[in-house]
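Participant: According to Swiss-Prot:
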- Glu332: active site, proton acceptor (ACT_SITE)
- Tyr420: active site, proton donor (ACT_SITE)
- Gln173, Leu174, Glu175, Pro302, Tyr303, Gly304, Gly305, Met306, Glu307: substrate binding site (BINDING)
- His331, His335, Glu354: Zn(2+) binding site (BINDING)
Amino acid sequence: MLSQFTRSLSCFVKPTPPKLNKLTRTMTVLPKILQDARPKVSPELDYSTYSNYQNFKINHTDLNLNISFDDSIVNGFVTFNLNKIDKSCNEIRLDTSFLTVDSVEIDDAKVDFQLKDRLEPLGSQLIINPPTATSLNNEFNLKLGFSTTKDCTALQWLNGEQTSSGKPYVFSQLEAIHARALFPCFDTPSVKSTFNAAITSTLPVVFSGIEQSVVDNGNGTKTYNFKQSVPIPAYLIGIASGDLVSGEIGPRSKVYTEPFRLKDCEWEFSGDVEKFIQAAEKIIFPYEWGTYDILVNVNSYPYGGMESPNMTFATPTLIAYDKSNIDVIAHELAHSWSGNLVTNCSWNHFWLNEGWTVYLERRIVAAIHGEATRHFSALIGWNDLANSISAMKNPDRFSTLIQNLNDGTDPDEAFSSVPYEKGFNLLFHLETILGGPKEFDPFIKHYFTKFSKKSLDSYQFFDTLFEFFADKREILDAVDWETWLYKPGMPPKPKFITTLADNVYSLAEKWATEIKNGNTTEDDLKQAFTAADIKDFNSNQIVLFLDTLVQNKEIQWNNHHTAAKTLLKIYEDSIVKSRNAEVVFRTYRFEITAQLKESYPQLAEWLATVGRMKFVRPGYRLLNSVDRPLALATFEKLQNIYHPICKALVKQDLEA
């Protein structure tokens, strides 16, 4: 279980610091709080890898994979074309996790290797020793034969009974440290390479690259060939195979999914994706990846989306039948610049990926739907951040913006809304104090141009910020950097435009006032409220309405069962009958908060239909808070339908 995924420092192999490069030697003098926290080298070393990545440059990577649904394994070969950076280096160290390594070759000659004992959570270090140091050329090819195992955390396998088509399905999820469970690699966001992939399967395959050709092997399998011309880190690799069909949703975009979902997906995404791309290009610079496709995955997919280049992996909970959840696509698209082109060098600085991406996502949405929409989304995000921090087991550690995972803590354990929403709020604050978008937008272009195809730490970002706004040094010096970056808890709240929220807050306050005044019978409330109150609310406004009701500490809904039931009855069409997963989850949270016992088994049944951790983890926590036996029994029944990461984290939540 993940609560045990922490190793002693004595088990940790500290990376060897690289030689100081030009970027390291020319650092800006930052405010003292930042200067004191600055790592000795920039970018900071990644302590979540056992590889000696700093000794090599990966020029290119070739993947040759076979997918076996019968055995639930992926096997094959990976070949790295490498240059030595450290000329004295005489061994190669790679990351693996639950892999079988069959062979290792350097320039076509077999060499000895040693697979070290597994140390949780980072896996088993693979050490490759050439016969002599001189046999390791300055440029060489490293080829490894391998196979995944039944314990693989990188893949989820579904049999035909678990899919709508009756055919098996497999998909990968490699962020943060699970690429090492798919193939031996330098599993760190600090290094990138171009990729070619040849993947053989009995069913269609998608990959994080552009398809080049499909070869029919004449034995019931086909080999799908892909090319990724932009250098990417290993965690961005995405693979899925199953009964997949596709439809066009824009001039450079397709959606892939199971056949029964195709029409719904085409309707949900058509017309909007290209608008998002064009809006993003105006804010940053032209899209570099060629195509932008979307894979709508099976129900058990654990995240809202994963920014695999050229092929965004998305949750089916985005299909809301009203386009109200499509902002997630704006988020994953924004990753094409923040995260995929410009990447955090380690998971300590994850906010550089996600905070920037949320910021760009909301700028994209604002360009299409108006500035008030951006601020409204930020308000919902603020509530998500507050809920996330309040639910943390260890908020003192995991609610700071810059993390310290250098003791080998699993980055999955630190996953929360903090890097997303706290990161966004910092960038929004900087935009505001520096003069608004007109002043901040040139910096956006400069930052993403400067670090394109590179990895960096937070301090390199701050160097660039202070250099660019040298004429506004006093403004930047006045920022409370300690609170924003290093203190746990909520950040200072920016001033948001509340135009789209005012009616929501007003209605929620009216409900609170009626209840406080003792008007709690069904007749009383039906005289004060009607379905027309929210008929013009969009799904996001309904989400905020339900959030606000639950967060009002003056009203203990568990003491007002009749009022809670009446609210749901009055707004049944907009709330109870909603097919939007965001609304459905908030409805269950409201019902659980009110301790409406009839909702307990209904929530348990819903947890069998979703795999997205945004809903599954808090769903089990809610159920556990009111009916622990039901929560445990539900998880025991359903645990094997969830992704391995989701399963492990829910187990941890229930054991807390």
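Cβ atoms are placed via backbone N, Cα and C, with glycine included.
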Participant: Return the member of Gln173, Glu175, Glu307, Glu354, Tyr420 nearest to Glu332 (active site, proton acceptor) in space, with distance defined Cα to Cα and candidates limited to these recorded positions.
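Facilitator: Nearest candidate: Glu307.
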Participant: Starting from Glu354 (Zn(2+) binding site), work out which of the binding-site residues listed here (Gln173, Tyr303, Gly305, Glu307) have their Cα within 10 Å, and give them in sequence order.
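Facilitator: Near Glu354 (Zn(2+) binding site) by Cα: none of them.
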Participant: DSSP three-state call for Tyr420 (active site, proton donor): helix, strand or coil?
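Facilitator: The residue in question, Tyr420 (active site, proton donor), is helix (DSSP, three-state).
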Participant: So if I draw a 10 Å sphere around the Cβ of Gly305 (substrate binding site), how many other Cβ atoms end up inside it?
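Facilitator: Neighbour count, Cβ to Cβ under the 10 Å cut-off: 22.
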Participant: Considering only the binding-site residues Gln173, Glu175, Tyr303, which fall within 10 Å of His331 (Zn(2+) binding site) when distances are taken between Cα atoms?
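Facilitator: Candidates kept after distance check: none.
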Participant: Fill in the CA-CA distance, His335 (Zn(2+) binding site) to Gly305 (substrate binding site), as an integer in Å.
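Facilitator: Per the Cα atoms, His335 (Zn(2+) binding site) and Gly305 (substrate binding site) stand 11 Å apart.
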Participant: Please state whether DSSP places His331 (Zn(2+) binding site) in a helix, a strand or coil.
Facilitator: helix
Participant: Roughly how wide, in whole Å, is the group Gln173, Leu174, Glu175, Pro302, Tyr303, Gly304, Gly305, Met306, Glu307 that binds substrate, by largest Cα to Cα distance?
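Facilitator: Greatest Cα separation within the listed binding residues comes to 14 Å.
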Participant: What is the total of other Cβ atoms whose distance to the Cβ of Glu307 (substrate binding site) is within 10 Å?
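Facilitator: Around Glu307 (substrate binding site), other Cβ atoms within 10 Å: 24.
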